[in-house]
Amino acid sequence: MGNCCGTAGSLIQDKQKKGFKLPNPFSNEYGNHHDGLKLIVLKEPTGHEIKQKYKLGRELGRGEFGVTYLCTEIETGEIFACKSILKKKLKTSIDIEDVKREVEIMRQMPEHPNIVTLKETYEDDKAVHLVMELCEGGELFDRIVARGHYTERAAASVIKTIIEVVQMCHKHGVMHRDLKPENFLFANKKETASLKAIDFGLSVFFKPGERFNEIVGSPYYMAPEVLRRSYGQEIDIWSAGVILYILLCGVPPFWAETEHGVAKAILKSVIDFKRDPWPKVSDNAKDLIKKMLHPDPRRRLTAQQVLDHPWIQNGKNASNVSLGETVRARLKQFSVMNKLKKRALRVIAEHLSVEETSCIKERFQVMDTSNRGKITITELGIGLQKLGIVVPQDDIQILMDAGDVDKDGYLDVNEFVAISVHIRKLGNDEHLKKAFTFFDKNKSGYIEIEELRDALADDVDTTSEEVVEAIILDVDTNKDGKISYDEFATMMKTGTDWRKASRQYSRDLFKCLSLKLMQDGSLQSNGDTK
């Protein structure tokens, strides 16, 4: 991101084309200060000592790369949010480029009432600190559920705001790539509070007609052309269309028990308008959804066309009749379960540590029988067998194809690390067990109500027993009032794969999935992309 004269991701892609190996600055070999060098992430931070100007307060949230704190400007007493990204969590050069690009995009975006404002940036030896506008009004779905009475009119207002954000992004050459309800917060708790886009971590700069092939985003909201690995800014309209569908009925339009199933449903693009409440939803609303979720991006509506659509234009006159308790209940369940999964994913991500990569590198040395610093597909297969990991030959080829970034027919140590977590997951669910242990504080073998309430203290309003009980009710299939490991594992693996514990591993996972879908004929690759 720092220097954005080229296209998004061009630095990484150009070097990969030339066979240039980007180092992992926090691998065991490199370390935080290798040969006296420090990792510098930002090109021009505001400063280096954030605590000279701001006082960091309570924790507001925690993500894959760091922690968000309440932040007070010492001189004025003004309150902000500070997103502190820990350098030790940036395990690959791609992670570092993501942070650079996120900051550059937020700096270049003009002020907009529905986009969170970046105030200042700081960088010290341990972290990058982003001081941003504070949004205290909660997540989109939580607000909807709390209101109780939910209508088409309310959905039209929300989607209009989201599309205006998309339009602003596209106008300034930014593709968001990760539009989902969790990435929108209300500015405050007032009824009239603005809805704001808060996360640009996967966004990229683009030029008209430019195509991308990196698989990013969240499964439910992913456009078919992302899986085909040839896409442009049209994917943001698709994601917004998925959000609109969920707003009107409470469940995603493309759903299955596994990520592979979700991907196939997306590629088929069959939209269900038969189940409740669709019979009472207006034809205009359904027409807009169909046009936003058109499988051909060339025929999908643009942001301006969405805003010009009759359902949006007449949004203030849209039906104000409640869509029913069923929709509200579904939205609540969808929101609550996302929170539990998200909390578990954070635990898993914390275990994908430098210590784990050290173990993986030891395995690489065992496989590298020729001692040339890279392994062939044969060595990979034999090595996996020796480690007791049974992987079908077809899957080994898929892993090899996905991991071999420079396409030289070998895996070097960094490429091996990038795919190894998926290899390990094929053999066991050790990270999922670690997540379960995190919740099961008293080692009873079950997650009990008190343990669940404590674990989700930062994520839900624990004054409401209703929320915690809703999770227990949904996950506890044998109705004994607590969650067993098997029930937890089933919940985590339903609908979206729990293994997306980190952004990079998610990219690798979907790359493998895309290759597999190509092999079984579910999709065809569309032309050359960047």
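Heads up, the Cβ atoms here are built off N, Cα and C, so glycines get one too.
Here Swiss-Prot has LEU60, GLY61, ARG62, GLY63, GLU64, PHE65, GLY66, VAL67, THR68 binding ATP, and the candidate from LYS51, LYS53, LYS83 in that same listed site is LYS83. Of all ranges given (163-193, 256-286, 318-348, 442-472), Swiss-Prot attaches the label region 'Autoinhibitory domain' to 318-348.
In this structure, the C-alpha atom of TYR446 (Ca(2+) 3 binding site) lies 34 angstrom from that of ASP178 (active site, proton acceptor). Each of PHE439, LYS441, LYS443, GLY445, ILE447, GLU448, LYS482 belongs to the same chain as ASP440, ASN442, SER444, TYR446, GLU451, is absent from that list, and has a C-beta within 8 angstroms of the C-beta centroid marking the Ca(2+) 3 site. The Cβ neighbour count for ASN442 (Ca(2+) 3 binding site), using a 10 Å radius over every protein chain in view, is 10.
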